[in-house]
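First the structure, in the form of structure tokens, and then the observations on it.
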Amino acid sequence: MTASTAPPSAPLLAIRGLSKAFLGVQALDGVDFTLRHGEIHALLGENGAGKSTLIKTLTGVYQRDGGTVALEGREIAPRGVEEAQRLHIGTVYQEVNLLPNLSVAENLFLGRQPMRWGLVDRGAMRRRARAVLQPYGLSVDVTAPLGRFSVATQQIIAIARAVDMSAKVLILDEPTASLDAQEVAVLFKVMRTLRSRGIGIVFVTHFLDQVYEVCDSITVLRNGRLVGERRTADLPRLDLVAMMLGRELEAAAHRIDLGPAELDSRPPLASFKGFGKARSVEPFDLDIRPGEVVALAGLLGSGRTETVRLVFGMDRADKGEATVDGRPARLRGPRDAVRLGFGFCPEDRKKEGIVGELSVRENIILALQARQGWLKPIPRRRQEEIADRFIRLLDIRTPDAERPIQLLSGGNQQKALLARWLATEPRLLILDEPTRGIDVGAHAEIIRLIERLCADGMALLVVSSELEEIVAYSRRVVVLRDRRHVAELRGGEVSVERIVAAIASETPNPIASETPNIEVRQ
Amino acid sequence: MTGALQRFLPLVVTTAVLVVGFLICAAQFPNFASWRVVANLLTDNAFLGITAVGMTFVILSGGIDLSVGAVIGFTTVLLAVLIEQGGWHPVPAFAVALIAAGGFGAAMGGVIHVFQMPPFIVTLAGMFIARGLGFVLTTDSVPINHPLYGELNDMALRFDFGLKLTLPALLMLGVVVAAVVLAHWTRFGANLYALGGNRQSAELMGVPVARTTVAVYGLSGLLAGLAGIVFSLYTGAGYSLAATGVELDTITAVVIGGTQLTGGYGYVVGTFVGVLIQGLIQTYITFDGSLSSWWTKIAIGVLLFVFILLQKGLLVVWAGRGGEPAEA
Amino acid sequence: MTLSAPGPARNLPQYGALIAVLLANWLLFPDFFAIRLQDGRLFGSLIDVLNRGAPVALLAVGMTMVIATRGVDLSVGAVMAISGAIAATMTGAGWSLPAVLAASLAAGLLCGLWNGVLVAVLRIQPIIATLILMVAGRGIAQLVTEGQIVTFTSPALAFIGSGSFLTVPMPVVLTIVLLAVTALLVRATALGLMIEAVGINRLSSAGAGVNTPVVLVAVYVWCGLCAAVAGLIVTADIRGADANNAGLWLELDAILAVVVGGTSLLGGRFGLVLSVVGALIIQSMNTGILLSGFKPEFNLIVKAGVLLVVLLLQSPTLTLFLPRPRGARPIGTVKPPVAPTSGGAKP
């Protein structure tokens, strides 16, 4: 498809030297970004790269500290979402920011309903809603509540709203994260249609296949800095992954002693067969043996977190079975997992991990106490012993064990959460991004701890974006892509290069190549 | 159009309950199916219906207003004191009462928005204040004897087929019609539903959150003031303890009417039907004579439970069908 | 931060307020602290405050734990009416005191179980779930009394309301006993910790293996029990059950007492004794207003004033002036985020 409008000389959107800091942390540091008319431009980067800060600065949620943003050559500085919308910048988020309780038509026209005699002209609104959706091939009942439709349909409606409010720049922030392959295909068809109308699309995604399927250009950010801009056609996957992860691929990592080879013949502690959940992660097989670290590697959104949440029962699997110690195990909730001797430090510490206002001591003993039941309280003296022991053992920096845990730094909160599970003497410890957002010192300590626990015979299942880290301590690495377990590396095979290669490997997507059954009209 | 049926299911169920209830009553008591009973049902529940409309708006926006009963009580006292002790003509007194009640509600809305406090507790404080102010004016029940009150009470719209709509009944019907228009044919109405659906999304989509919050509590206060005027007409007196517990009756009517207490879903008409169901239960018990009044409360409690379960079930069903494909 | 600060420092405002109100009463009414012994029972304004404050204090004990789980129980007034109605009616029918007490308390437990199941299992919002029993409960109480004001003459039951133990009026004794039992139950077991954990972060607590449904049901059941005891005291005091008016609006007073006592409506840390102190603050203000010759009607305005002041102190808008990005304010969470470096919270 080629652009139907001749591209004007000035680019649609030109960002130069954009900077933004939060409380002294430089989230964006002199970033350039150029979007042309009729272009789909992927904005890529791992966590903390600065993608969302860039988008929020564009849409007026944040005000930039420095740099320039020019729309068709004209300097702009939106101070709010509405103003950005007026400046023809529309945004559609992964969590569709529309209202599920309002009808499709009301969502499309909220705040700008057609009026007649001082009242909303509902008939005209319905007609115009149908007309607005028609080019997208959506002939839905526009009077039905939005929440009744699939996320994919909602997303297209959100795009239609943004475009109808005369968007020239359309920002799609991870729109495909909760869509299935067929829905993605429909969305791409819509995106291509918009591109042919001269609209510039900024596309944020974690799925590399999708980048190569639909995008013209790629801009990669890392740690708030621009890594580079490339034409998609000129950038091999391996180079893209290297740009995103920022690795010197030849770097040989230090590896720990992986233990005797007969470890593989030991009976697994926990074994999962065909375990999976629709729209979360494809069914997978996974064995975890005592005394080994199994790492889950993959880009953000590849299904790593979803996998460990199923293993701990935080989400309930709808397929497959789990066996622990050779016996079928029920995993209907975290309580079942705790009873089986599992422990889980979640990725979102604040929301799912710590109990903020409780003290460090109470947070540390919580899981142990929950397993013992409320009738057998751990005596205060013993609680203090446990807390003090782990504060010393893990070097948790807190003036005392009675400090509310929310006052601690992220790394110390993480160590306290580790202590919570270590106090229960778990047999399988699951860590989701254990070193995310914590300082360098704590980082190294947590890695040493992982190695020590493994040596003591504990089984660990670790999710991490830090590949050197994974290579350093893992006996086996399961690589995920697009919510699927795509490769397993063991022993000597484990290396950063092999992991990156597996992440970047191209496998045809069986469903996306099918012709979607939606007619996209012009 | 099964979708439309599903959307209006709570409303359909509520209306069916009213119709079936009325038929049961009519079958049991020969005099029941008369225009007189219908007229009384409308007149007796007029103040409740007017208040419940305001409550519906507040709940649709995701809030709650516990102060309405107290505002009604305060309004009746204010009217009685102004007219009987101050020698005012009722019309300016009505105006002052409406302004006071509306302003009181708007002030609560302002506090809720500015200080980000739970509506439950702010309007609870409002309830204490309004009752207290009523008590401060007078603790006695003050009869209102102004001639205009008699005239207003005699006013009625009579139909040839025998229906007689009194002024309170007409006011309530007028308020319900106006409220339906406000809810579905104005931007304010759409903003209310948006606010109740998801505050953050609504804000991102450009809904004026502050203005809408203040307006909806102001409207609830205003309607409670109007209900107070109707109540004083109906009882011919002002009493600071008047209309205790009305906040509960109105919340119950709103829930029975199919509006979700979490906000965003519901219809004013449903609330109106909910008020009539409560009135019907009372009328049934009055007609029966042998049944005791407490059955009203138990029956309403059971209805409340059933309707909450129904809502819960519908939500689960709707959430479960997230995978509806785009229609080609 | 005063109200969310840990340690004994956070209790000072409540005790200070109680002392201030009592001193104000004393200034207005020099005999306020006078206590005399008559017929083996203590009398005096102070005793009166304790005695009249007992029902709300009892309700506040149960309500505190419900609120600590981020809930609320609107039905306690109706539960009081039910338990009182059962006690008066059964006593009138000639049942023995133990049977009467057992039946009344069992009714309270059952009501609490109903609320707890609705909240924990059916996951209905607490305000709505308990509204059902608030509406229907009075009807049930009237069903028991058949709409009459049932009076009784049994001195055994009346003793609970107007008798005394070691010169202390029975309502005060019962309140202290129930407070002590409750405190023991939550602080000598791990229940208190779990209640707070569930109230602060239900997701994290469930992730740590806490049985959140059981914790929730337990607090509503206990709240029902406390309400039943309060209902018994009121019925025994007036030697009769008035299903229409017993405990009317006391749920609001109980919530007020808990809020004044410093337990946040957003759940989390709770103080049972402080809630009782809150109930006593409210009661001493009531008594003071009565003694100083004001109309009792001013009570409501004073209550509203107290409520507003306490709320304003807890309001995130007033306690937090940190600038936040537009639209970044999370919905429903009005707890102020805490900067990791803030050290001012330590006593």
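Glycine is treated like the rest: Cβ placed from N, Cα and C.
TrEMBL labels come from automatic prediction, so no person has curated them.
If you look up TrEMBL, you'll see C:12-29, C:49-67, C:101-122, C:214-234, C:246-266, C:273-294, C:300-322 marked as transmembrane segment.
Within the same chain, the transmembrane segment (C:12-29) packs against the transmembrane segment (C:273-294): three or more Cβ pairs sit under 8 Å, each pair at least 6 residues apart. In terms of C-beta pairs under 8 Å, the stretch of C:49-67, C:214-234, C:273-294 lying closest in packing to the transmembrane segment (C:246-266) is C:49-67. Through the fold, the transmembrane segment (C:214-234) approaches residues 54-56, 58-59, 61-63, 65-66, 68-69, 71, 73, 75-77, 79-84, 87, 101, 104-105, 107-113, 115-117, 119-121, 160-161, 170-171, 174, 178, 182, 185, 191, 194-195, 198, 246-247, 250 of its own chain, all at least 6 residues removed from its boundaries and within a Cβ separation under 8 Å. Same-chain residues lying 6 or more positions outside the transmembrane segment (C:49-67) and placing a CB less than 8 Å from one of its CB atoms are 73, 76, 80, 126, 169, 171-172, 174-175, 178-179, 182, 186, 195, 199, 219-220, 222-227, 229-230, 233-234, 247, 250-251, 253-255, 257-258, 261, 263-265, 267, 270-272, 275-276, 278-280, 282-284, 286-287.
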